[in-house]
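Here the structure comes first, spelled out in structure tokens, and everything after it is commentary.
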Amino acid sequence: MPAESAKRFKPSKYVPVSAAAIFLVGATTLFFAFTCPGLSLSVSPAVPVYNAVVFLFVLANFSMATFMDPGVFPRAEEDEDKEDDFRAPLYKTVEIKGIQVRMKWCATCRFYRPPRCSHCSVCDNCVEEFDHHCPWVNNCIGRRNYRYFFLFLLSLTAHITGVFGFGLLYVLYHMEELSGVRTAVTMAVMCVAGLFFIPVAGLTGFHVVLVARGRTTNEQVTGKFRGGVNPFTNGCCNNVSRVLCSSPAPRYLGRPKKEKTIVIRPPFLRPEVSDGQITVKIMDNGIQGELRRTKSKGSLEVTESQSADAEPPPPPKPDLSRYTGLRTHLSLATNEESSLLGKDSPPTPTMYKYRPGYSSSSASAAMPHSSSAKLSRGDSLKEPPSIAESSRQPSYRSEPSLEPESFRSPTLGKGFPFDPLSSGSRSSSLKSAQGTGFELGPLQSIRSEGTTSTSYKSLANQTRNGSLSYDSLLTPSDSPDFESVQAGPEPEPPLGYTSPFLSARLAQQREAERHPRLAPGGPAPREPSPVRYDNLSRHIVASLQEREKLLRQSPPPGREEEPGLGDSGVQCTPGSGHAPRTSSSSDDSKRSPLGKTPLARPVAPRFGKPDGLRGRGLASPEPGLPAPYLGRSVSYSSQKAPPGVPETEEVALQPLLTPKDEVQLKTAYSKSNGQPKSIGSAPPGPGQPPLSSPTRGGVKKVSGVGGTTYEISV
């Protein structure tokens with residue numbers, strides 16, 4: 001048997017109460033059996049009735065005092081105990097009716113005992129208004145059962161008095177029968193009643209005094225208010241009425257608890273991210289937009305865990321089983337997908353690492369750099385009100401510009417500085433692999449990129465992939481939807497604007513228009529790339545413009561420019577189907593001597609003009625002579641020509657150009673960005689001389705602002 005159960009069922013605890021019950025019930029039974037019948041005949045029949053009523057009252061109060069809860073306080077639970085430190089003071093003082101009363105800390109129940117409360121060592125509980133522990137009733141006497149205990153004492157005293165008195169009366173009436181059984185039993189009951197009368201009567205008198213004074217047995221024995229004022233007394237009559245007539249005190253143990261279920265969602269808990277659609281509302285540069293994108297929980301956690309210094313992971317391959325709606329779109333770009341997915345895409349810049357890659361449609365939003373650059377160009381077909389407004393209102397995905405509007409450069413696209421020299425070789429290798437995928441239909445005639453509606457917005461749409469990749473910068477408009485727009489009427493280009501970027505498809509179309517069809521065995525002439533002056537200051541550009549005006553005022557009487565060669569906004573990319581592009585720094589070109597052959601150190605011009613506009617430098621071949629065959633370029637693969645054009649074997653034509661020739665090429669395209677007139681918007685008329693035709697093979701030095709000297713071949 002457990003120790004707690006053994007302690008609860010100790011026989012010694014029940015000996016006093018059992019003896020009291022036996023003596024009470026036994027003596028009364030003998031009284032009613034042997035004494036009451038003679039008294040009812042000799043004295044009055046009311047005697048047994050009176051004794052029966054008193055006895056029942058005694059039994060009722062005895063039962064209530066024994067089995068009733070005295071007012072036990074429940075023990076504090078562990079979580080409540082944590083609020084009070086073990087180093088807390090042993091006593092706390094409260095004021096009751098202007099008198100300081102101490103409350104002692106109960107180490108067993110773990111709370112400060114209220115006033116007049118004490119811990120019972122027998123019951124091991126704190127009892128409200130603890131009086132004493134009575135072994136005769138085997139219970140503590142407290143606030144809730146003190147009334148019944150007090151009435152039990154009063155009724156028991158009266159009952160003992162009645163039993164003893166009515167027994168003595170019976171003996172007096174039957175003096176002749178003292179040897180009889182009835183008289184002998186009556187005398188025995190009288191002895192028992194007399195024995196219990198003295199202590200019970202004394203205890204009853206003591207509690208009568210306590211009730212009249214408003215004290216408890218514990219307070220009286222311990223001398224709590226000895227020599228002082230009792231703050232709990234309300235007068236004799238009020239104290240008696242409070243004990244006998246007040247409403248019963250509430251019970252603290254075993255109260256039915258109504259459990260209420262309350263769902264609490266603290267603000268610091270984030271909701272679970274499901275694999276559904278997440279609506280993202282962003283606000284950048286004053287433009288608001290709501291985008292929907294399917295993004296899994298795992299991808300969000302990876303993005304949040306990455307630091308700003310860590311390198312971004314390579315873009316994932318598209319999951320065709322999950323994005324079933326993309327299969328039809330992916331069939332249009334099978335060739336470039338197969339060539340690009342096998343290679344590592346260029347790393348994403350750090351400032352765009354945490355930008356989610358959104359696109360114009362929800363279906364193609366989860367594609368990596370290459371596929372999303374080809375499948376999500378629908379927004380690029382929407383024409384802005386004007387180029388000037390589009391330059392003042394950058395794309396809502398672009399990085400916000402911190403420059404005031406009055407100090408911004410007139411050139412467009414400066415929000416993303418891009419150096420075509422350092423990244424030319426890498427982007428060229430990627431674009432040449434994609435070249436065959438671009439030829440989906442007959443090439444249309446396009447005069448300038450500024451004449452289409454995709455001038456600036458198409459470039460800004462490339463940043464929706466979340467990064468400025470090489471493909472998105474070099475191919476701003478290579479979607480199938482873009483081709484359908486090209487067949488329509490071409491509006492006049494706005495003045496002072498030429499896009500610094502041109503797609504590989506546009507370059508292919510312009511190359512097909514510029515050059516006549518070559519023989520199958522003939523080498524393909526090289527088309528240089530246009531010049532970007534985004535990084536030059538305004539003063540340098542102004543000096544170059546003045547030199548350009550001088551060149552236009554003195555056109556040569558010799559070669560006339562063909563109608564299709566007046567476009568200066570052409571950027572010859574490796575995917576254009578002609579000469580491959582290999583970039584080299586300006587320092588390398590300056591260090592290379594003229595005596596080195598192209599085979600020993602091939603130096604390709606980074607910028608240039610069409611063949612009709614290119615001046616004859618020291619190392620440039622004659623127009624009529626075929627270019628020397630220098631071997632196939634290692635970085636690029638051959639591709640098919642447009643329909644109707646015989647296939648030509650692509651060779652690397654890399655003539656030597658001195659730094660002077662480079663300056664000449666830069667001068668020819670000095671007005672490509674932000675100038676009053678665009679020299680590449682339309683071909684010149686039949687009577688108009690070419691804009692930048694060279695006059696002679698000499699070189700002139702022009703001094704610019706800041707002491708900079710430019711060598712321009714004229």
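Just so you know, glycine gets a Cβ as well, placed from its N, Cα and C.
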Can you check whether Swiss-Prot puts His132 on the same side of the membrane as Asn230? yes
DSSP says Tyr91 (phosphotyrosine), in three-state terms, is strand
Reading the DSSP string in three states, the entry for Cys134 (active site, S-palmitoyl cysteine intermediate) is strand
Listed in sequence order, the residues of the same chain lying six or more positions from Cys134 (active site, S-palmitoyl cysteine intermediate) whose CB sits under 8 Å from its CB are Ala65, Cys140, Ile141, Phe149
